[in-house]
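Notes follow the structure.
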Amino acid sequence: MAKVAIVMGSQSDWPTMKNAADVLGELGVETDVRIVSAHRTPDRMADFAKGAADEGIAVIVAGAGGAAHLPGMIAAMTHLPVLGVPVQSKALSGLDSLLSIVQMPAGVPTGTLAIGEAGATNAGLLAASILAGSDADLTGRLKAWRAARSDAVAERPVD
Ligand code: RP5
């Protein structure tokens, strides 16, 4: 059963959010990926947020762009950790998305990652880190993944 849900406001967010799914796949973490829009499918969003814990989901990665209310609205309806990814928007390059996600009122925490693909990748890694706290095998895979990334960095640049 998937312990990480990856949700996004639109099909157009998938090229960004796929980075979260990919890194979790590399770490052997099953994901449940859905399109859930705060504005276009609010009832679907509420059903998802209220039911996620009972479905066995432990961490939610939520990405949206522009008026990116999705992560905060989900966080308002579940006690599960919500990691928000600001998707890069056309009009304002994702600054709108970032500010829509990051400035939550005290009491409704929503993690906020970097704009775009780096944020999605790191949201996946953070989700894995959270799960690794109670999963020794995943801890080992996460350490190996990070070590491989370090090993891939050359000591000196090449021409
Ligand atoms: C947001 O509006 C979505 O998360 C997406 O980033 C943005 C644009 O959506 P589309 O018009 O491409 O469907 O709700």
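Cβ atoms here come from the backbone N, Cα and C positions, even for glycine.
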Looking at TrEMBL, Ser10, Asp13 are annotated for substrate. Which of Arg40, Arg44 sits in that same site? Arg40
Close-lying binding-site residues around ligand 1 among Ser10, Asp13, Arg40, where CB distance stays under 6 Å: Ser10, Asp13
Same-chain residues at least 6 apart in sequence with Cβ under 8 Å of the Cβ of Ser10 (substrate binding site), in sequence order, are Ile35, Ser37, Arg40, Ala64, Gly65
The answer, for which of the binding-site residues Asp13, Arg40 has its Cβ ringed by the most other Cβ atoms inside 10 Å, is Asp13
